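Asks: First the structure, which I've put down as structure tokens, then a few questions once you've had a look.
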Protein chains: 2
Amino acid sequence: MSGRLAVLGAGAVGRSVVELAEEYDYTVTAVADSQSAAIDAKGLDPEAIFTRKDADGTVGDENPEAALDASYDVLVEATPTTLGDAEPGFAHVKAGLEHDRHVVLANKGPVAERYGDLMELVTASDGDIRFEATVGGAIPALSTIEDFGPGHITAARGVLNGTANFILTRMAAEGLDYEHVLAEAQDMGVAEADPTFDVEGTDAALKCVILANVLSQGEQEFALDDATVDGITNVPGAALDLAADDGRTVRLIGEASRDGIRVGPRLIPENSALAVSGTRNIVQLDTTHAGRLNISGRGAGGPETATAVLSDVGRLL
Amino acid sequence: MSGRLAVLGAGAVGRSVVELAEEYDYTVTAVADSQSAAIDAKGLDPEAIFTRKDADGTVGDENPEAALDASYDVLVEATPTTLGDAEPGFAHVKAGLEHDRHVVLANKGPVAERYGDLMELVTASDGDIRFEATVGGAIPALSTIEDFGPGHITAARGVLNGTANFILTRMAAEGLDYEHVLAEAQDMGVAEADPTFDVEGTDAALKCVILANVLSQGEQEFALDDATVDGITNVPGAALDLAADDGRTVRLIGEASRDGIRVGPRLIPENSALAVSGTRNIVQLDTTHAGRLNISGRGAGGPETATAVLSDVGRLL
């Protein structure tokens with residue numbers, strides 16, 4: 001199944017999509033970052049693009065917006081997630097759908113913050129959208145919900161942020177405090193210099209908003225304001241010690257259903273399926289007729305997230 | 001998405017497919033068991049059919065073969081798995097494909113034992129086949145392999161037989177011998193009167209054969225004879241005690257790759273994702289670019305397996 005991709009965003013995910021595309025029999029005809037774009041209807045050479053980007057910070061000679069008018073079958077939106085109006089990601093998706101092209105998102109912003117607007121654009125377009133990469137990286141959560149039918153999933157919950165989970169896992173294993181483990185995670189590149197988005201639960205909440213929007217099938221629209229969110233910054237090391245004495249541990253659990261969204265640290269049994277370790281993620285789906293499904297895997301990372309993007313492309317073409 | 005289903009087989013799985021079809025917006029136009037068939041192009045009433053079957057053992061007044069000529073969009077093959085020539089299941093699938101209809105299998109026989117023959121029929125037909133229900137019940141193993149692309153999965157392994165896993169779990173938890181726990185499982189209806197198929201590893205091996213056929217994408221055809229299979233009948237209770245002293249346990253693990261198939265009892269860490277409890281199943285997929293995925297859930301049962309069948313129907317229509 002061949003096809004042409006325009007990739008917006010040249011961070012870890014966009015770069016991996018471009019680098020892996022050929023292995024999936026896709027041709028990349030445009031790549032853009034916030035500064036520049038490279039466009040070639042016959043197909044771009046990933047190595048040349050990223051050698052240039054590493055050298056001078058640009059991917060090509062064109063303006064970024066030019067990528068939206070390139071020849072492509074699927075637009076891949078992999079620019080950074082922004083909150084509120086979800087721009088410029090939303091404008092990119094809009095342009096793709098208005099060109100009657102398919103769009104695959106790795107950017108959570110448009111799906112979490114402007115789901116209704118997005119669905120209106122889809123309805124008016126010959127193109128469709130998919131966004132598996134926005135929830136749990138490589139974990140096939142949304143595809144499974146789609147295959148089962150959203151009406152046959154009563155609730156979704158899980159560990160949806162690898163940084164927070166890494167910190168809780170290390171705190172429990174080493175008996176260390178939050179601040180100490182955070183500094184260690186920052187040294188290792190697992191946590192960002194400003195970890196707010198991950199440790200305050202915002203990232204997990206956005207994923208739960210997306211899950212809730214998919215589960216409610218447009219009957220109700222959810223956004224970040226609808227979520228009740230607690231992070232892990234106030235979890236004392238002593239709480240993890242006490243939990244361990246009782247065969248339990250603490251995980252930052254996000255929960256989504258048609259009734260709402262909440263994210264917070266929860267006490268769970270150490271042998272629970274939800275007790276994944278380190279940066280791993282898990283999504284647990286409660287089904288109407290098939291019990292509970294658990295799907296765990298790598299929730300972030302360039303090639304991992306790109307794999308979800310390329311699976312979505314395959315479902316669309 | 002509406003559609004008409006002809007359901008062959010009126011055991012636990014076929015019955016659940018018929019009973020749940022309406023909830024998925026499908027109409028059942030034919031149901032057959034080995035004795036009889038009920039056919040109505042306007043749609044059958046599940047309650048009437050199974051009240052009759054419970055009373056006199058028949059589902060309707062027609063011959064079973066008549067169901068193959070009914071009006072339907074998707075044929076569901078849910079008759080018992082048979083080995084060797086995989087009949088009569090294979091003939092049913094052949095008839096459906098020769099009518100240019102889609103076919104969904106819950107019956108492992110044709111997919112495990114005659115994969116090449118099946119693919120030839122698919123090539124010659126306007127219909128397609130799917131068989132998610134044949135591996136791990138409700139677990140979306142084959143759909144995930146398809147979405148990732150079989151070429152991007154290097155190996156699949158897992159706990160694929162709930163009866164064997166129930167027995168091993170109980171032996172470890174209670175310190176009991178195989179024979180004792182088997183008798184208990186038979187009393188509970190978890191093991192059949194003749195448990196050979198489950199406890200000797202044949203059922204898990206068939207699932208691995210199917211996984212290997214999907215992973216090899218027709219480059220090589222696997223059948224049961226290609227599998228190296230050991231069951232759990234010779235696992236002594238003492239082995240589980242020794243394993244537990246070392247933080248380990250024993251599970252009947254099936255492994256499939258393009259290089260072959262093996263099934264046997266393996267020593268694994270108690271906190272391994274593979275150490276699912278009771279009748280639960282797990283499928284673990286090694287991917288080229290996205291690390292390891294674990295998918296666990298109910299591996300058997302009427303409504304659970306029917307859910308996989310109905311998801312497949314949704315992908316085909």
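Positions of Cβ are set from backbone N, Cα and C atoms, glycine also.
Those TrEMBL annotations? Automatic predictions, nothing curated.
Annotation source TrEMBL lists active site, proton donor at B:K207. According to TrEMBL, the NADP(+) binding site annotation covers B:G9, B:A10, B:G11, B:A12, B:V13, B:G14. Look at TrEMBL and you will find B:K108 tagged as NADPH binding site. Taken from TrEMBL, the feature L-homoserine binding site covers B:E192. Look at TrEMBL and you will find B:151-313 tagged as domain 'Homoserine dehydrogenase catalytic'.
Provide an account of the burial state, proximal residues and distances for the features listed.
Replies: Within the same chain, residues at least 6 positions away in sequence whose Cβ sits under 8 Å from that of B:K207 (active site, proton donor) are B:K108, B:A112, B:T134, B:V135, B:G136, B:L160, B:N161, B:G254.
Residue environment of B:G11 (NADP(+) binding site) contains 14 other Cβ atoms, counted within 10 Å of its Cβ in all protein chains.
Within 10 Å of the C-beta atom of B:K108 (NADPH binding site) sit 24 other C-beta atoms, taking all shown protein chains into account.
Sequence-distant contacts (6 or more apart, same chain, Cβ under 8 Å) of B:E192 (L-homoserine binding site) comprise B:T163, B:Q186, B:D198.
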Asks: Which one of the binding-site residues (B:A10, B:A12) has its C-beta surrounded by the most other C-beta atoms within 10 angstroms?
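Replies: Max Cβ neighbours within 10 Å, all protein chains included: B:A10.
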Asks: Starting from the Cβ centroid of B:G9, B:A10, B:G11, B:A12, B:V13, B:G14, the recorded NADP(+) site, name every other residue in that chain with its Cβ within 8 Å, sequence order please.
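Replies: Filtered neighbour residues, in order: B:V7, B:R15, B:S16, B:V17, B:D33, B:A78, B:T79, B:A106, B:G302.
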Asks: By a simple count, how many Cβ atoms lie within 10 Å of the Cβ of B:G14 (NADP(+) binding site), its own Cβ left out?
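Replies: The answer is 26 other Cβ atoms.
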Asks: Among all protein chains shown, how many Cβ atoms are found within 10 Å of the Cβ of B:G9 (NADP(+) binding site), not counting that one?
Replies: 24
Asks: Please report the DSSP secondary structure of B:G14 (NADP(+) binding site), reduced to three states.
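Replies: The residue in question, B:G14 (NADP(+) binding site), is helix (DSSP, three-state).
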Asks: Give the number of CB atoms, excluding that of B:V13 (NADP(+) binding site) itself, located within 10 Å of its CB.
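Replies: Looking across every protein chain shown, the total is 27.
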Asks: Summarise the model confidence on the domain 'Homoserine dehydrogenase catalytic' (B:151-313) as a single mean pLDDT, whole number.
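Replies: That stretch averages a pLDDT of 96.
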